[in-house]
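For reference, TrEMBL has these:
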DOMAIN    125-333  domain 'Anoctamin dimerisation'
DOMAIN    336-904  domain 'Anoctamin transmembrane'
TRANSMEM  347-374  transmembrane segment
TRANSMEM  424-442  transmembrane segment
TRANSMEM  499-523  transmembrane segment
TRANSMEM  543-566  transmembrane segment
TRANSMEM  594-617  transmembrane segment
TRANSMEM  715-737  transmembrane segment
TRANSMEM  765-789  transmembrane segment
TRANSMEM  861-886  transmembrane segment
Amino acid sequence: MCCCSGSIWGAGMHTSISEILKEKTLKSSRRSLPCLAQSQTHPQNLNHFLSVPLSPEPKTYTHNVSASCTHITPRLTDTSQDVYTEEREVAEFEPKTDETLLVQQKPVSRAKLEGNNSENPSGLMFRDGKKRIDYILVYKKSSPQVEKRCTFERNLRAEGLMLEKEPSLTNSDIMFVKIHAPWDTLCKYCYFTDWKKKTMGRVRQLKSWLPRNPMKLDKEALPDLEETDCYTAPFSRARMHHFTINNRETFFSNSTRSRIVHHVLQRTKYEDGKSKMGINRLLGNSTYEAAFPPHEGSYKSRHPIKTHGAQNHRHLLYERWARWGIWYKYQPLDLIRRYFGEKIGLYFAWLGWYTGMLIPAALVGLFVFLYGLFTMDSSQVSKEICEANTTIMCPMCEGNCSSWTLSDSCVYAKVTHLFDNGGTVFFAIFMAIWATVFLEFWKRRRAELTYDWDLIDWEEEEEELRPQFEAKYSRKERVNPISGKPEPFQPFTDKLSRLMVSVSGIFFMISLVLTAVFAVVVFRLIAMEKFASFQWEFVKKNWQFATSGTGVCINFMIIMSLNVVYEKVAYLLTNLEHPRTESEWENSFALKMFLFQFVNLNSSTFYIAFFLGRFAGRPGDYNKLFNRWRMEECHPSGCLIDLCLQMGVIMVLKQIWNNFMELGYPLLQNWWSRRKMKRAGEQNNSKDQLPQWDRDWNLQPMNAHGLVDEYLEMVLQFGFTTIFVAAFPLAPLLALLNNIIEIRLDAYKFVTQWRRPMPARATDIGIWHGILEGIGVVAVITNAFVIAITSDYIPRFVYAFKYGPCVDKGYRCLRGYLNNSLSVFDMGELKNGSYHTRYCRYRDYRAPPWSPEPYEFTLQFWHVLAARLAFIIVFEHLVFGIKTFIAHMIPDMPKDLCDRMRREKYLMQEMMYEAELEHLQKERKKNGKRYHHEWP
């Protein structure tokens, strides 16, 4: 894989790429790593190899322009050197192939898979069948931006790329521009490349006797991923003789070639002026309709893969990764990285790691749920509620509501015990520790992947500036402290003012979320009165479920509606900030989207967990909203079931909706595109005979925000799984089931439904790791408050140890807890309504009406409050202490990996020194110079 330096344009905005590269021809990079050749395998004519010019000499071209550009008058003074035709440039840039210059080795299987498509050779090649298509540009013939397009394509040819045009077979207005990067151009722009390192044979021998893991893919199923016995080193054209080059056409992988072409497309001008550059601007002004690297052929084959093998990497990915039938198999991460790039490879590696770590969390949560299920009938609180046939509860409203018997809510009490039982505290502590272990071991896994993928030395400073940033601040420059070259600079005052506007927009949108939550609260208050006085006895009996169920459904619809608005606002605010690099833009956008959707998704959950029933008041003195609607209160068995219902419904509905939008919507769009293709191509070719660029054009493009939506969905799920897990122990199980589907769904989408994205590099998951750590901290605090305030764990604990009938007998019991937790109210104090009994019960710790201080808080209330505060402090300090200890004990990088890195670095330096020494000695011998008195 290859990446171009981000400091290319630091030398000056008016300098072309070719001019800058001419100054850096012999400058070796410290990065990127192709396989080193052994010193004894050097070809004898390497001096001739290095003498071959790495960029074509300027030629004289005749004034012969393609049909689409014939009416354009060239602005350049020497038109004969800048006007190109497709036929001429194919001849001039024909790559020179000298088989005597190649190191003879047994060809690897990657060359077979990355070579021509056996079924449709023209689908991935130029018309001559030799030049591989590295990138596709699409434009409409009817587009008025002809001059910009022709200037852009002429400049692309000047940079060393080869172009060829093809009309679409399904749409007469569509033209495809095929781009090929010759060997010389690849070497010129690829400062560094990387290949897989040599593996330790000892590990392989240690595991050879173990039984076969059914979750692992067969080695025969992935013949392309055999490990090479070579070390890697920084790539440099001046030291090309150090590297094993079997075949120029396969030395750079397809993803590497596409990345190089994309780099040139981003930095090529289409008009005079510093801001008039880049394919992104041309896509924005409709000069081009699309730009994408092509897929490596079809993902399906008429022949089974077991007998005939894979026809290309895409076919192999579909058969060994994207099919639903192998949902239980590990992912082929090396193949994913090779085809889609490290950034997407790391996403699927993180998603797979997260899914695997959910297995123990799901098992423990299921155990806690089953414990509640098996002890539901034996629960003392549930039994007392179900047997309370004579306990009359106060009316739920002051209008048409009547008093009700506590035993009517027997089912509600039993369901509450499923989630509010003795295992709740243990599970909350377990999940807090689990979140820390998950993140710490992910750091180790990421370190191993970055080592295997040769990304250890790839750093952020190599990233390129965004063209939009360069265009905005091209007049103000300062010297980059790393590269030492001038580059555009954003003044601090300008950055601060834009940041303040962005922060104001964020707070405005968060206030909009809180307004929506307030509207849902008002709806719940109105619905509570209506359902409590409903004529249908079934609804009247289960008014709690009816109120919570309708409230959460309304809330879910508001959440999904506001998400559409948040995305557009976040995009606008991020562009307003003018981030310096693409990673800064993506991190800023991701943070805004997370803040918006996190608040949108969890604000109503926070209300139910910490505010529902806390300000209801008491009978005869209820607190009312706008002096009209009585505040909602909790069931005698607690408020935890409302929180559980809120989480369960939103989590399930959101996962179903996300899965539909991720796969169902693209499927419908592609089905419609195929239908139009079939109608348009009835007189030409069938679908199977369409070239690859035509088929890719009719696929859906990847999301404009890259992997932000994919990460956002999983991070929000991680929040649901950890923040309120004490109220819903089944959340990890639901997340596990969803992620098993999500992995194959995303794989199927990437391989079959989306155009191939530009392979990008990354060493980690970016800002998402910090967000996950923040969620882990918030989860400890919220679970402490949920157990202490929302659940009845602390009141039951205080009763059992202080007020229970079994305290004097030396053991703890909850007998009589229900009667102790209910206070008495004299209904004769109500001015309206007639009731059959004088006294009713309500949930609170208040003095009875016949006491000297009626309806005042009892001593037990203050004991419970003190116990709650003490529990929060002890729980937080205990869990944070355990988390810190675990994070300190688990190193971010395995020790054996550190040793392997140091060992490989030492061997690489020794090998390069010996190879350079041998090469210089051969050169001096060949030239007849005396060298025995000279070093080396």
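Cβ atoms here come from the backbone N, Cα and C positions, even for glycine.
Between the transmembrane segment (499-523) and the transmembrane segment (424-442), the number of CB pairs under 8 angstroms, six or more residues apart, is fewer than three, so the stretches are not in contact. With a cut-off of 8 Å between Cβ atoms, the residues of this chain six or more beyond the transmembrane segment (543-566) that come close are 396, 409, 412, 509, 512-513, 516-517, 519-520, 523-524, 527-528, 531-532, 534, 593, 596-597, 600-601, 604, 632, 635, 641-642, 645-646, 649-650, 653-654, 657. Within its own chain, the transmembrane segment (715-737) has Cβ neighbours under 8 Å at 354-355, 358-359, 361-362, 364-366, 368-369, 419-420, 423-425, 427-428, 431-432, 434-435, 594, 597-598, 601-602, 605, 609, 640, 643-644, 647-648, 650-652, 655, 768, 771-772, 775-776, 778-779, 782-783, 786-787, 790-791, counting only residues six or more beyond its boundaries. At the 8 Å Cβ cutoff, the transmembrane segment (861-886) and the transmembrane segment (347-374) share fewer than 3 close pairs (sequence separation 6 or more) and do not count as touching. Mean pLDDT for the domain 'Anoctamin dimerisation' (125-333) in this predicted model: 77.
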